[in-house]
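If you look up Swiss-Prot, you'll see 314-365 marked as domain 'LRRCT'. According to Swiss-Prot, the feature N-linked glycosylation site maps to N56, N63, N130, N380, an assignment based on sequence analysis. Residues annotated as repeat 'LRR 1' in Swiss-Prot: 64-87. Feature annotation from Swiss-Prot assigns repeat 'LRR 2' to 89-111. Taken from Swiss-Prot, the feature repeat 'LRR 3' applies to 112-135. Annotated repeat 'LRR 4' per Swiss-Prot: 136-159, in sequence order. What Swiss-Prot lists as repeat 'LRR 5' is 161-183. Under the heading repeat 'LRR 6', Swiss-Prot lists 184-207. Here Swiss-Prot flags 209-231 as repeat 'LRR 7'. What Swiss-Prot records for 233-255 is repeat 'LRR 8'. The repeat 'LRR 9' feature in Swiss-Prot is assigned to 256-278. Look at Swiss-Prot and you will find 280-302 tagged as repeat 'LRR 10'. Sequence annotations record features per position, and here Swiss-Prot assigns signal peptide to 1-34 based on sequence analysis. The feature topological domain 'Extracellular' is assigned by Swiss-Prot to 35-426, with sequence analysis given as support. Among the features that Swiss-Prot reports, topological domain 'Cytoplasmic' is placed at 448-521.
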Amino acid sequence: MDFLLLGLCLHWLLRRPSGVVLCLLGACFQMLPAAPSGCPQLCRCEGRLLYCEALNLTEAPHNLSGLLGLSLRYNSLSELRAGQFTGLMQLTWLYLDHNHICSVQGDAFQKLRRVKELTLSSNQITQLANTTFRPMPNLRSVDLSYNKLQALAPDLFHGLRKLTTLHMRANAIQFVPVRIFQDCRSLKFLDIGYNQLKSLARNSFAGLFKLTELHLEHNDLVKVNFAHFPRLISLHSLCLRRNKVAIVVSSLDWVWNLEKMDLSGNEIEYMEPHVFETVPHLQSLQLDSNRLTYVEPRILNSWKSLTSITLAGNLWDCGRNVCALASWLSNFQGRYDGNLQCASPEYAQGEDVLDAVYAFHLCEEGAEPTSGHLLSAVTNRSDLGFPAGPATTLADDREGQPDSTPEPVTVALPGEHAENAVQIHKVVTGTMALIFSFLIVVLVLYVSWKCFPASLRQLRQCFVTQRRKQKQKQTMHQMAAMSAQEYYVDYKPNHIEGALVIINEYGSCTCHQQPARECEV
């Protein structure tokens, strides 16, 4: 069909006057994409891509057209003026990072409708007008990190329905306007970390139905309310580490699909008992380096899907309230840091939480109740693998409140059987170590005998020679001791034919020893 239409057009053109044909051909050539102009000096051209990087440029090259990509990074640009890129209507990406840009006029990106990626990071931009990104409705990625932005215009991201990635890390942003991301329905990654946020509005993140990862670390937030993240149904990762959060609450009863939450390095002292019931699919939780002293049993019961948790660096109170946490850790099948140290009372400071529970018998029957919790004995400890013996159960004493009453938590204490098992384990381990050492020595000797037989023969001869020398020395010492005794020895040689009176094992002789006599001089 296309060839048929082309043939009809050619046939029609051939019947027309030559002037009309030339005009039509000129119009067609004008509609074709313009080829890129000559490559500017010191720049690098790759087809329709232009790289003018690290050239100390103070303004963008002129008379550019037909480009698909332009990189002006690592230069000295200080301002983006209105209509500066009007000749680049086919541009799809623009890199302006690592310059000295401090001013961006509202219509600086006019006629750049096809741009999908814009990088303005590592500059000195202090503000952006509402109309800055209006000419670029096809943007997929915007990087504004490492600038000096202090405030965001309420409609800065209006109309960016295709935006998927937004970086605003390391600025000086103090507040996120309400519904500023309302039109960013395709946004999946948002980074506002390393700013100066002190609080969040309830609808700051409204409209982000496809957001999967949100970074708010290293800000100045003092309170986290899960109601600030309404209907983020696709959110899987939330990073809030290194803020100043003291309490974590949830004022809305709704469930979301969060799988990873980082609250480490804050100042958390209190968490509402029901706060984690809104995230039933949570798998990874970081709570290390906070000010927690204990964890409510209801919170522990809501950590059913966790596979990884960090709790070190908190101010754990190893009193009777620690029993619930100790029981939960004993049954936890996932990964945890295992460095939970007691901060109080004084006699348990520096001790591991689980060791303190067992060593100081913190959860035994007869302990006094504290903080509205009651300790009672339980005889069944098969779940923890210990023999039947004393144990304790932690239960909330509030009645008539089914939503806030936790399930009983059992803490098992090891008895004599457990101590005997530990001793047996030590003995077996020591025996195995000795056997292993002996086998290693035998193996070394065998390998040496196989690989260096001559050396072993020489070594054995040396040992034999040393033994002979030692025996000779002993014999000489004995003879010297015998010669020192003053004995009168009388001997009579045998004059038998063939007998020789020769000493030193060459003949035979007979000796008669007479009693010792005193001689007068």
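Positions of Cβ are set from backbone N, Cα and C atoms, glycine also.
The model shown is predicted, which means the values in this text are computed figures rather than measured ones.
Annotated features taken from Swiss-Prot, shown on the structure.
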residue : record                      : Cβ neighbours (10 Å)
N56     : N-linked glycosylation site : 7
N63     : N-linked glycosylation site : 8
N130    : N-linked glycosylation site : 14
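Most Cβ pairs under 8 Å with the repeat 'LRR 7' (209-231) belong to 256-278, among the candidate stretches 64-87, 89-111, 161-183, 256-278, 280-302.
In this structure, the C-alpha atom of N130 (N-linked glycosylation site) lies 30 angstrom from that of N56 (N-linked glycosylation site).
Here the repeat 'LRR 10' (280-302) has long-range neighbours at 241, 246, 255, 257-269, 271, 273-274, 308-317, 321-322, 324-325, 328, 337, 343-344, 373, 394-396, 404, 406-407, 409, meaning same-chain residues at least 6 beyond its ends whose C-beta is under 8 angstroms from one of its own. When pLDDT values are averaged over the repeat 'LRR 1' (64-87), the model yields 94. Cα of N56 (N-linked glycosylation site) to Cα of N63 (N-linked glycosylation site): a distance of 19 Å.
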